[in-house]
Amino acid sequence: MSLDIQCEQLSDARWTELLPLIQQYEVVRLDDCGLTEVRCKDISSAVQANPALTELSLRTNELGDGGVGLVLQGLQNPTCKIQKLSLQNCGLTEAGCGILPGMLRSLSTLRELHLNDNPMGDAGLKLLCEGLQDPQCRLEKLQLEYCNLTATSCEPLASVLRVKADFKELVLSNNDLHEPGVRILCQGLKDSACQLESLKLENCGITAANCKDLCDVVASKASLQELDLSSNKLGNAGIAALCPGLLLPSCKLRTLWLWECDITAEGCKDLCRVLRAKQSLKELSLASNELKDEGARLLCESLLEPGCQLESLWIKTCSLTAASCPYFCSVLTKSRSLLELQMSSNPLGDEGVQELCKALSQPDTVLRELWLGDCDVTNSGCSSLANVLLANRSLRELDLSNNCMGGPGVLQLLESLKQPSCTLQQLVLYDIYWTNEVEEQLRALEEERPSLRIIS
């Protein structure tokens, strides 16, 4: 049983009503409920009295160091079996981290801890790592995004990785680790028997100089399945240094996120070698890189190779034009693996979308999700899209948000959505404007077809 309350300011009467439930439910989530330290004594008593509790989430509440301390005291009892604890954005600072080592030692059942958006800093992280290294601590997943960490924190973290073979997920995104810190972290990973599965280092000040270190990590960690290096200035040189590790048989990576990494078509050449060779790679994001049409051509050639089994490709905001769409048409008609294509925020226009629609109208296409938001599609382009909705049997989600169409274009889509042969399940139309009459028709259709969601 779960108690899941979000974005509700809890009155005294409502709080009195909830306290007995907090003492009973296995999962308790009270996110963004306006809780402060004042309520934490009650929470502490309630969780202490609840031996069934396996998950507690108090994210986005101003608990402060005192409030967090009270909650953790309540969890430290012999009957507590909690497995997942989220204290994201709760105002935990260095001053409140002194309780963490004892908490981690006593909660041997705890497997997942979220401390994102707490300004604990390097000193707080050091205290946390003292607890993580204790033999009684069995934590497997740790999230520390936006925690004011620097390179100083990387040595304690590396020490944890060296001794914790069961550690599976580490999120350090949006911390100023920079080149020295990432090098220390990578060395710790290479030296350890840690079976890490997911490493997220978005916006950590990584440069091309770190990519040889990261190459060694992906080469040595067969357990690693997800790597996020988004919003780091890797450049083409960094991608060239990373890819040899990705090509090795020991690398089993499934998901690679490279948003906004200063990659151009030149960098695509190295990535294309990986796509052709690695059947394990299923998700690739290259959003917000200046790939342009030449980069799209190179990617599509690789997607057609038998060795490529990619299922999801994100190329949002990559300066693609209608000239790139014939390349994707070949992929859409021939690929048996690509299920999701995110092309939003590229000026494809009606010409490009009409080209894509020719391919999507062919029998036996397998694409399930297509994102074309902010692609300069007008009412004219909706005619081709409406035909796709009738002809295509695989497409389940279509995003057309923030395009130049209006009521007439939406009505064309609506006519296709009414037909029994249309199998679409979700249509997203944010920031598109139509009359009240069109709105009434859309909502009436949703009532007639409960399996269809129209989000606007």
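Glycine is treated like the rest: Cβ placed from N, Cα and C.
Worth saying up front: this structure is predicted, and the values here are computed from it rather than measured.
Taking all protein chains in view, 9 other C-beta atoms sit within 10 angstroms of the C-beta of Met1 (N-acetylmethionine). Annotation comment: Swiss-Prot describes Met1 as N-acetylmethionine, evidence class similarity to another entry.
Tertiary proximity for the repeat 'LRR 1' (15-43) is limited to same-chain residues at least six positions away from its ends with a CB under 8 Å from its CB atoms, namely 1-9, 49-50, 52-64, 66-68, 70-71, 74. Feature annotation from Swiss-Prot assigns repeat 'LRR 1' to 15-43.
According to Swiss-Prot, the feature repeat 'LRR 2' maps to 44-71. Looking only at the repeat 'LRR 2' (44-71), the predicted model's pLDDT averages out at 96.
Residues annotated as repeat 'LRR 3' in Swiss-Prot: 72-100.
Cβ neighbours of Ser86 (phosphoserine) (same chain, under 8 Å, six or more residues apart in sequence): Leu56, Ser57, Leu58, Arg59, Leu113, His114. What Swiss-Prot records for Ser86 is phosphoserine, and it gives similarity to another entry as the kind of evidence.
Here Swiss-Prot flags 101-128 as repeat 'LRR 4'.
Marked as repeat 'LRR 5' by Swiss-Prot: 129-157. Counting same-chain residues at least six beyond the ends of the repeat 'LRR 5' (129-157), those with a Cβ under 8 angstroms from any Cβ of the stretch are 88, 100-122, 163-164, 166-178, 180-182, 184-185, 188, 200.
Secondary structure of the repeat 'LRR 6' (158-185), assigned with DSSP and counted as helix (H, G, I), strand (E, B) and coil, comes to 14 helix, 4 strand, 10 coil. Among the features that Swiss-Prot reports, repeat 'LRR 6' is placed at 158-185.
Broken down with DSSP, the repeat 'LRR 7' (186-214) shows 13 helix, 4 strand, 12 coil. What Swiss-Prot records for 186-214 is repeat 'LRR 7'.
According to Swiss-Prot, the feature repeat 'LRR 10' maps to 272-299.
If you look up Swiss-Prot, you'll see 300-328 marked as repeat 'LRR 11'.
Look at Swiss-Prot and you will find 357-385 tagged as repeat 'LRR 13'.
Among the features that Swiss-Prot reports, repeat 'LRR 14' is placed at 386-413. Taken through DSSP, the repeat 'LRR 14' (386-413) splits into 13 helix, 3 strand, 12 coil.
Annotated repeat 'LRR 15' per Swiss-Prot: 414-442, in sequence order. The helix, strand and coil residue counts that DSSP assigns across the repeat 'LRR 15' (414-442) are 11 helix, 3 strand, 15 coil.
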Helix, strand and coil counts within the repeat 'LRR 1' (15-43) (DSSP): 15 helix, 6 strand, 8 coil
For Ser86 (phosphoserine): DSSP state (helix, strand, coil): strand
Chain residues outside the repeat 'LRR 3' (72-100) and at least six past its termini with a C-beta under 8 angstroms from it: 43-48, 51-66, 106-107, 109-121, 123-125, 127-128, 130-131, 143
